[in-house]
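Please read the structure below before turning to the comments.
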Amino acid sequence: MSVVTRTRPLAKMAAPMASRAVGVSSVRAYNGTPRAQNKVTVVGAAGGIGQPMSLLMKLSGKIDHLSLFDIVNTPGVAADIGHCNSKGKVMGYKGAEEMAAALDGSDVVVIPAGVPRKPGMTRDDLFNTNASIVKGIAEQCAKSCPKACFLIISNPVNSTVPIFSEVLKASGVYDPAKLMGVTTLDVARAKTFVAENQGMDVDKVEVDVIGGHAGTTIMPLLSQVKGANFTEEDIKALTHRIQFGGDEVVKAKDGAGSATLSMAHAGAYFAEKVLDGLNGVKDIKECTFVESPLTSAPFFASPCTLGTEGVSEIHGYGQLSPFEQSLVDDNVPALVKMAQKGIDFVKNN
């Protein structure tokens, strides 16, 4: 079966106010067996993020076939989750020899695989181990489900998304509209912390978070929150808390883990939104880390419209406050460096 692919040249610079429509391929072709409607595969499904995320996705009732893969223990996880009385069959696969079967014909692949953060570790400290893991997963995805949407949770996202893109490019199956770094937890934290600070209903708070998914590259646009009245001190404190919310959880768990449950929620939520877009639901806009023309960084998170072929439009980030503009100016070079680190890893390994 031939696979139709589409590549899009990268625009290095574009006006930050601009929005960009993404062209889509008219053909969706898959290798292997016919796909089930709405097949979602979780790679890393037996881990601290993967298990609760898989449970939430099963309970959503939106997935006909939930495929769970990990190195060990996945059949047990699948059997357990499969007893929940909600729509969809659950299959578990373990070991490298079963990875192809787990991925075959997937519409969406969610990837929380890799080692977790430990006290004192930055996301970039995880690079050496997780880069190899993500590269291997990407290589199998290119063979088993080249037209799927790939949602990357494995840290450091600022480098693992470029790694994934380079592997897909090498296989001739890269579609930038279908590769997304999951930054939803940054948005969830922003909404939660802003609602607490302002006494707002968290269900009605909207906060865009742009940039990346590590430390100061996480840039919440608090100046654009409707109805908010922040002091300068509020903005600085909230921005720092949103940027380093993961450290808050690692410290609170006293070395026993990282932000697994909140990340599971964020990953499941974003996967459901991607599925909704694939199924034709209109006007879905979420922040995600994608190949982007908005800055000189090759990948950048901003609000994106999700459609029937993945990301259909990348939106600009609007008018920034001087504080926010300084964050962008300071952190775009870091995003460029982190992306290059991922690209270089693939070239050298």
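Cβ coordinates come from backbone N, Cα and C, glycine included.
Those TrEMBL annotations? Automatic predictions, nothing curated.
The annotation domain 'Lactate/malate dehydrogenase N-terminal' is assigned in TrEMBL to 39-181.
Here TrEMBL flags Gly44, Ala45, Ala46, Gly47, Gly48, Ile49, Gly50, Asp70, Asn130, Ile153, Ser154, Asn155, Met263 as NAD(+) binding site. Cβ contacts within 10 Å of Ser154 (NAD(+) binding site), excluding its own Cβ and spanning all protein chains shown: 28.
Every protein chain shown contributes to the tally, and the Cβ of Arg189 (substrate binding site) ends up with 26 other Cβ atoms within 10 Å. Taken from TrEMBL, the feature substrate binding site covers Arg117, Arg123, Asn155, Arg189.
According to TrEMBL, the domain 'Lactate/malate dehydrogenase C-terminal' annotation covers 183-345.
TrEMBL lists His213 with the feature active site, proton acceptor. Taking the Cβ of His213 (active site, proton acceptor) as centre and 10 Å as the limit, one finds 27 other Cβ atoms among all the protein chains shown.
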### Task
Have a look around Met263 (NAD(+) binding site) and count the other CB atoms within 10 A of its CB, chains all included.
25
### Message
Whole-number answer please: how many Å between the C-alpha atoms of Asn155 (substrate binding site) and Gly44 (NAD(+) binding site)?
### Response
13
### Task
Average the per-residue pLDDT over the domain 'Lactate/malate dehydrogenase N-terminal' (39-181) and send me the rounded value.
95
#### Entry: binding-site residues compared (Gly48, Gly50) - the one with the fewest other Cβ atoms within 10 Å
Gly48
### Message
Please identify which of Asn130, Asn155 has the densest Cβ environment, defined as other Cβ atoms within 10 Å, among these binding-site residues.
### Response
Asn155
